[in-house]
Ligand SMILES: Cc1cc2nc3c(=O)[nH]c(=O)nc-3n(C[C@H](O)[C@H](O)[C@H](O)COP(=O)(O)OP(=O)(O)OC[C@H]3O[C@@H](n4cnc5c(N)ncnc54)[C@H](O)[C@@H]3O)c2cc1C
């Protein structure tokens, strides 16, 4: 029984009971397949429900965590206390003029494919990024020379108090793998991408080329969180790790990928604690050998196992 269990009956006043899972194993919802359970895992189906749940969490002083597609997160083995909210049910994508509007629970890959089918150019770079639209804005996700900042026009967010705000892309301070979304505690609900009419064959060719590059270089056959580290100024994280001969280094079931040194894979039932120890080992080794501090791109959240 979790500490917040007594709030269940009140919680289901704010969304359908089927949208509230109790003690839900979070590893089922993350790309690394790591992590303990969430006290409550909630998937609201309207913006009003999102607002009501934020207000409920504030009023009852329950910890609140947003989870997108779980592709840039390591959740610790003790799980996450309080409410974890996921917007998978808010995943509509539509077109208005040359704009693509997407609810934040949609996958950015699906927004990119939608743009292709509508013959709109500007989201090709996102065709292989496995995050949600909300997670992509949060991280200013990018690949192969493109990033969210280039395509985003505006967004609708819910504030910490549950109010809805429309913000321009500039108001999010998007830069390399960051935004001001965490500092402001915004919950992204919707994104408007300003695109340009394009040639379907050319858009598809670019997406096929990026997919080929991704599949040939990344260890997509194992669970992982993508590139663990940001690119340090003047260096490439993968090259530094490779030059330390760390590829194949294992702690428990976690391994520095032999295919792409910037990835750590969950090779055989790793725990979050093993995965995190390997990240720290890589950081310490690179620091000692090259005096470069690798900064994590991936976020670590949740609790250690008690006792
Ligand atoms: C195989 C692989 C390849 C990858 N390749 C790339 C790549 O090429 N480029 C790149 O940039 N990234 C890449 N990533 C990392 C990841 O896909 C991106 O960072 C993505 O944007 C994360 O989105 P998510 O929905 O999975 O977020 P999550 O991992 O679920 O969450 C990340 C953070 O975003 C917050 N968040 C999620 N949704 C919302 C929301 N609606 N409102 C507010 N906050 C929210 C969470 O609270 C969390 O702090 C890769 C990952 C993998 C596993």
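Even glycines carry a Cβ here, placed using N, Cα and C.
Marked as active site by TrEMBL: 177 (among others). Contacts of residue 177 (active site) defined by a Cβ separation under 8 A and a same-chain sequence distance of 6+ are given as 139, 140, 141, 142, 230, 297, in order along the sequence.
A strand conformation is recorded for residue 227 (active site, proton donor) in the three-state DSSP classification. For residue 227 (active site, proton donor), the count of additional Cβ atoms within 10 Å of its Cβ stands at 21 [all protein chains shown]. Annotation source TrEMBL lists active site, proton donor at 227.
Look at residue 297 (active site): DSSP puts it in coil. Taken from TrEMBL, the feature active site covers 297 (among others).
What TrEMBL lists as domain 'FAD-binding PCMH-type' is 34-198. Across the domain 'FAD-binding PCMH-type' (34-198), the model assigns an average pLDDT of 97.
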Where residue 177 (active site) falls in three-state DSSP terms: coil
